[in-house]
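Feature annotations, reproduced from Swiss-Prot:
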| type | residues | note |
| --- | --- | --- |
| DOMAIN | 30-107 | domain 'EMI' |
| DISULFID | CYS60-CYS69 | disulfide bond |
| CARBOHYD | ASN134 | N-linked glycosylation site |
| DISULFID | CYS148-CYS160 | disulfide bond |
| DISULFID | CYS154-CYS167 | disulfide bond |
| DISULFID | CYS234-CYS246 | disulfide bond |
| DISULFID | CYS255-CYS264 | disulfide bond |
| DISULFID | CYS320-CYS332 | disulfide bond |
| DISULFID | CYS326-CYS339 | disulfide bond |
| DISULFID | CYS415-CYS428 | disulfide bond |
| DISULFID | CYS458-CYS471 | disulfide bond |
| CARBOHYD | ASN496 | N-linked glycosylation site |
| DOMAIN | 665-700 | domain 'EGF-like 12' |
| DOMAIN | 713-743 | domain 'EGF-like 13' |
| DISULFID | CYS718-CYS731 | disulfide bond |
| DOMAIN | 799-829 | domain 'EGF-like 15' |
| DISULFID | CYS802-CYS810 | disulfide bond |
| DISULFID | CYS804-CYS817 | disulfide bond |
| TRANSMEM | 858-878 | transmembrane segment |
| TOPO_DOM | 879-1147 | topological domain 'Cytoplasmic' |
Amino acid sequence: MAISSSSCLGLICSLLCHWVGTASSLNLEDPNVCSHWESYSVTVQESYPHPFDQIYYTSCTDILNWFKCTRHRISYRTAYRHGEKTMYRRKSQCCPGFYESRDMCVPHCADKCVHGRCIAPNTCQCEPGWGGTNCSSACDGDHWGPHCSSRCQCKNRALCNPITGACHCAAGYRGWRCEDRCEQGTYGNDCHQRCQCQNGATCDHITGECRCSPGYTGAFCEDLCPPGKHGPHCEQRCPCQNGGVCHHVTGECSCPSGWMGTVCGQPCPEGRFGKNCSQECQCHNGGTCDAATGQCHCSPGYTGERCQDECPVGSYGVRCAEACRCVNGGKCYHVSGTCLCEAGFSGELCEARLCPEGLYGIKCDKRCPCHLDNTHSCHPMSGECGCKPGWSGLYCNETCSPGFYGEACQQICSCQNGADCDSVTGRCACAPGFKGTDCSTPCPLGRYGINCSSRCGCKNDAVCSPVDGSCICKAGWHGVDCSIRCPSGTWGFGCNLTCQCLNGGACNTLDGTCTCAPGWRGAKCEFPCQDGTYGLNCAERCDCSHADGCHPTTGHCRCLPGWSGVHCDSVCAEGRWGPNCSLPCYCKNGASCSPDDGICECAPGFRGTTCQRICSPGFYGHRCSQTCPQCVHSSGPCHHITGLCDCLPGFTGALCNEVCPSGRFGKNCAGVCTCTNNGTCNPIDRSCQCYPGWIGSDCSQPCPPAHWGPNCIHTCNCHNGAFCSAYDGECKCTPGWTGLYCTQRCPLGFYGKDCALICQCQNGADCDHISGQCTCRTGFMGRHCEQKCPAGTYGYGCRQICDCLNNSTCDHITGTCYCSPGWKGARCDQAGVIIVGNLNSLSRTSTALPADSYQIGAIAGIVVLVLVVLFLLALFIIYRHKQKRKESSMPAVTYTPAMRVINADYTIAETLPHSNGGNANSHYFTNPSYHTLSQCATSPHVNNRDRMTIAKSKNNQLFVNLKNVNPGKRGTLVDCTGTLPADWKQGGYLNELGAFGLDRSYMGKSLKDLGKNSEYNSSTCSLSSSENPYATIKDPPALLPKSSECGYVEMKSPARRDSPYAEINNSTPANRNVYEVEPTVSVVQGVFSNSGHVTQDPYDLPKNSHIPCHYDLLPVRDSSSSPKREDGGGSNSTSSNSTSSSSSSSE
């Protein structure tokens, strides 16, 4: 039983908590901690196998239930239940005589140790110079140490400490009693000084003088003997050769790598290397070893540190430096580079295709179904399409799915940011705004468009879109390139906000603040200047004497009745002065005379004696004392009277700091713009800045076809009829296409506009990516290819007429005839008793099973009964006698339908002629447990009513016994045993043979050719790589049909592996896929007469297989209800039937 993960987690948590709790109280590593174990219970969840009744179906002879029988078996599923588990935990406490102090257990003394410490229960350890049970008594002068129990015993003139008992030794001595010399390496008083002698030299224990070991010299023996010298005092000469180094002490030679001997005079023998040749070379496969380094120099075809590896695929020769040149799937021999071609190819480099271009098959009579423009090869045997890079599908008619490219669309695109990936090269076509090999780098500032090739034209610090170059203007600017200020009355981002300024106030295009015209004030310029003030910002004060204030803009005094003059200070009429206002004034430009002296008082904007001159440039107003404001876009200084600015064309406002309102242009904004289609009008010269996608003086003309963007300067990159947006160049794909530039077909299973429609095609049909129209596979028809060919037709488009006779059925794909009971042959036109399956004597051979004839013995009834009975009785006695001596047996085999095949190859079957005119039988079996191939022994007395009994054992293996073989029917049988080559698996045969276990170097050879090879003489070996539990049985050649024509079709979809019937054990369901189980072509008579024909759906899910030929059939299991033999072989028949019955019951 298993404990669930949640229970385990709870158990671990409880143990952890207990450990933490214990650890927090006592240190378990304390030697004074004692512990004991206590038990406790926890609830856990545990799993157990729960039995249940499982129903399944097997093939049987029950014709009423269509040959299906229900079976029951007991199976188990995992269930869970709660249970209690006893756990143990350790509990810790202080040992007796100890008590707990913090996390330690300390000893307890009843009497406190005064000058000592408690080291054990009721035991004190006194400090030196003290004694007594509680260390409270001091030692007398004759004793020392703990408890005053020791006497001084110092030697070598050492002094004894009466309290500590320590001896103060003389220089060069040590020890408790100073009886020992200083340890090696120390000397002097208390041996505290360390000797400085090196390299094993000895030191005088009193003075520290060094006495050097052999091989060293110097005051501290720190130097080795000079090169070429060794021994005591470095007086001896070294004899080493070949760069050998002499040991400075012994003079022994240390040889360099590759040399050996007393004086390093001998090179390493072969197979050895390294220092003193002590290491053994580890080079394999004929590699040689460098005597110095041990590095392997590999023989041609091998590599690796020890030459243990063959050259990687695609290389050969010395150091694997040569590149293989084999084409068309040919395998390159790693030593010489010789090409081992796949079936269907030949030539030194496998460059020659056996079939003409466009054809394939055994007879090169089938036309390749590949789309030629997208295909680089059509396999000459299987017809499999080898797609060019960028294409996939059965017929190379599908582009790579988005995100994949290259050979077989197996490589993953690295493109980022919505880039298109070239399905052939994988090169990235970046979306506008990105660049780089993988389109991961955004455009730098100032660049935009495809590959960032265009330069931004935005002005006034506007942000340029890296995609289409459109400008995102800062506040206060607008236009295609952000070169135009916001029109009068607008401000902010996009000039979308309306100014709130009144009375001619100018609006700041950035923040909307108002700059008031002269004479006005307030946040919105809604208030006139206060009484007594006038001018810009109401900063000037009125200079009037008898007036009702002054004009808020000009400061002109509004005189009270009876008063006149510039300052309203004269009682004379306008133009008079002096006594009784009798003198005329000569002042000009509205000036007044002083009533006293006639001096001219000039009106605002004028100056001079008679006020005939205007203010100097830059000044205006009363007495020309006011300074002109900063006119932004003006043709000159301000007006000498009002102070207003004279604006340039396109500008307006008191300070000429406002652009003409939208739709107006020119001097005083008097002109009307004519721009259309959202074009921006230049307020100065009326020119139009067109919106992307439009051109012309008034932006009324759209971009020409295949152009887009501002002024239509960019060229569209859309393909396959896609519509290109004139604004941003975006491609609007036509139905059936997708991708950034509409270069990719709809993914598999989709079609139509935006690839949004789901294909409805069935049975592996191709779906047109534009219209969704289905192109049916061979054997199907209908709008969605949902219908099989009508009865009597088959093939592509169901245009071919079946040629099957005698009520036989026709395969709707291949036209293969499925014969009615009692018939055989390619067209079911032969009355048959023997059914043979043969596809290829070398590639794949199906089992041929004998059957009883309904008519044998009919002619014998005409003969005189007495003579016939006597004759048959004699034959029967002879047969029984021979049969007892024969006792031939066959090894156990496991059948597979040999249909789960990839790239299977065909070779025309041949037979070996025998000396007596018969055919030599190459009868063989394949079995995972048997690698020995057995052939049947010759039997001179064989009844032509031969039978093959098939019984199923308890371990589900099939055992086959060939009995009563007729020499005339089956040819002379040779008793021999062939064994597989020793390197069958190790030499790579398993990978080279293909799905049928055939070395392709033997493809196309006859059995006669193979028979000449001594290694394979008298044996035919088969090694199946199929995953099915049935292997192939090759029957005697006499059972082969005269014609070897076989139905053949290429199906490449993968086989289903998840079906509960993917492997055959005890039954063959009615819906068995014909590509997983070979169809029963004809009903076997005699012992198999109740088997019947099983209706199957052979095209449930096709895969890359070869359709069986007309004579392929399943191994049929014997039934307990079958009739007994007609030849009187009762014992054999009974034995066979009983064996079959036991097999059935075992299920």
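Backbone N, Cα and C atoms are what each Cβ position is placed from, and that goes for glycine too.
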Least buried by Cβ count (within 10 Å) of the disulfide-bonded residues CYS160, CYS326, CYS810, CYS817: CYS160
Set of same-chain residues at least 6 away whose C-beta sits under 8 angstroms from CYS246 (disulfide bond): PRO227, GLY228, HIS230, CYS238, PRO239, CYS240, GLU252, CYS253, SER254
Secondary structure content of the domain 'EGF-like 13' (713-743), with strand meaning DSSP E or B: 0 helix, 8 strand, 23 coil
CYS234 (disulfide bond) and CYS264 (disulfide bond), distance between Cα atoms, whole Å: 22
Residues from the same chain, set at least six apart from the ends of the domain 'EGF-like 13' (713-743), whose C-beta lies under 8 A from its own: 402, 418-420, 429, 431-432, 449-450, 454, 467-468, 470, 691-694, 702-703, 705-707, 751-755, 768-771
Candidate nearest CYS471 (disulfide bond) in space, where candidates are the recorded positions CYS69, ASN134, CYS255, CYS731 and distance is Cα-Cα: CYS731
Intrachain neighbours beyond the domain 'EGF-like 12' (665-700), with Cβ under 8 angstroms and 6 or more residues off its ends: 468, 470, 478-481, 483-484, 487-488, 647-652, 659, 708-712, 725-728
Other CB atoms, at most 10 A from the CB of CYS320 (disulfide bond): 20
From disulfide-bonded residues CYS167, CYS428, CYS731, the one whose Cα lies nearest CYS160 (disulfide bond): CYS167
Cα-to-Cα gap, CYS810 (disulfide bond) vs CYS326 (disulfide bond), nearest whole Å: 42
Composition by DSSP (helix, strand, coil) of residues within the domain 'EGF-like 12' (665-700): 3 helix, 9 strand, 24 coil
For CYS804 (disulfide bond), the one of CYS148, CYS234, CYS255, CYS718 that lies nearest, given that the disulfide-bonded residues are compared by Cα: CYS718
Cβ atoms near CYS154 (disulfide bond) (within 10 Å, other residues, all chains): 21
Candidate with sparsest Cβ neighbourhood (10 Å radius) among CYS60, CYS69, CYS471, CYS731, the listed disulfide-bonded residues: CYS69
CYS326 (disulfide bond) - helix vs strand vs coil (DSSP): coil
CYS802 (disulfide bond) as reference: those disulfide-bonded residues from CYS60, CYS339, CYS428, CYS817 with C-alpha within 10 Å of it: CYS817
Rounded Cα-Cα span from CYS415 (disulfide bond) to CYS817 (disulfide bond), Å: 53
CYS154 (disulfide bond) versus ASN134 (N-linked glycosylation site) - Cα distance in angstrom: 28
Residues in the domain 'EMI' (30-107) grouped by DSSP into helix, strand and remaining coil: 3 helix, 62 strand, 13 coil
Under 8 Å by Cβ from CYS339 (disulfide bond), counting only residues of that chain that are 6 or more apart: CYS324, ARG325, CYS326, GLY330, LYS331, CYS332, TYR333, GLY347, GLU348, LEU349, CYS350
